[in-house]
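These features come from TrEMBL:
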| type | residues | note |
| --- | --- | --- |
| SIGNAL | 1-22 | signal peptide |
| ACT_SITE | 205 | active site, nucleophile |
| BINDING | 233, 234, 235, 236, 255, 256, 257, 258 | substrate binding site |
Ligand code: ASP
């Protein structure tokens, strides 16, 4: 009897151990196969609104971001560094709603949010509502590496930035761009019902997810939030599990109507489906973005990557700036569905 019980115990603890292993320490992927996926935001950018120069510039900037991230990966570097490198390029481009080119809030200023996460260590860093930090993703990284915290916000995050010499500071007006100012005007008119048409729902957040040679995954997101947002509003981008998530087997960066991404824990939900239910990444991402978010009344997109280098890029907004490099080296950039 005793023997039977201890056998039972042994078998069930083996089961437990296998379960734990399945979730926390998945089989390593094929060594050396890296992958990278980036986005420059979901939104509706009508094809006819983009001239040849715009198209060239958008694709070239996405390519530069891919190159920056891929240079890290090709060198055997960490997924986290690749994510940061790709996002830095997009933050510096006025085309995208992150860093330079961030949207205006309702009081005519800029408040920026960012986060990043490393899957196999579950380390994460985030900042919300910062207004003088040129690269919010770098500050999120500093929070992760040089503070005991995961997220810092507003004046406290700025004070923390004061202690970090590598964090470049700028006047809030440095983020201004003419096209974002026009978008604010349109959004204000739309909210008072005096606009001819609805303000376009440009989102434009940026994000990246990478798989490195060690089989580690990281994800990050950086944004100015939503045009005409209330002063103090924080979206999903800095919320770990909503706009950004990475675990041992999967990583996600979201873009879209942030309130819905927070309420539905979008980034985490995609990876949880892969980890707990064994869903294919593409099915999990599709289901969460194109059914759960939309059924709730929101919209947007996401990029996702699993440990085998599979990539998913669902969106339901008409367009999503995006780019990818698959494990076989094939790469591309795209804006609309049919691209
Ligand atoms: N998700 C962002 C937010 O709600 C906006 C975006 O994706 O562009 O702040």
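Glycine is no exception: its Cβ is also placed from the backbone N, Cα and C atoms.
Those TrEMBL annotations? Automatic predictions, nothing curated.
Taking Cβ-Cβ distances under 8 Å and a sequence separation of 6 or more, the neighbours of residue 205 (active site, nucleophile) in its chain are 39, 40, 41, 42, 96, 97, 98, 221, 222, 223, 224, 237, 243, 255. Cβ neighbour count for residue 256 (substrate binding site): 30 (other Cβ atoms within 10 Å of its Cβ, all protein chains included). Look at the Cβ of each of the binding-site residues 233, 234, 236, 257 and count the other Cβ atoms within 10 Å; the largest number goes with 236. Largest Cα to Cα distance within the recorded substrate binders 233, 234, 235, 236, 255, 256, 257, 258: about 16 Å as a whole number. Following the DSSP three-state reduction, the secondary structure of residue 256 (substrate binding site) is strand. Here residue 235 (substrate binding site) comes close to 113, 223, 225, 226, 229, 243, 258, 259, 261, 262: these same-chain residues lie at least six apart in sequence, with C-beta atoms under 8 angstroms from its C-beta.
Take the CB of residue 258 (substrate binding site) and look out to 10 A: across all protein chains shown you find 28 other CB atoms. Other Cβ atoms within 10 Å of the Cβ of residue 255 (substrate binding site) number 33 in total over all chains. DSSP assigns residue 234 (substrate binding site) to coil, not to a helix or a strand.
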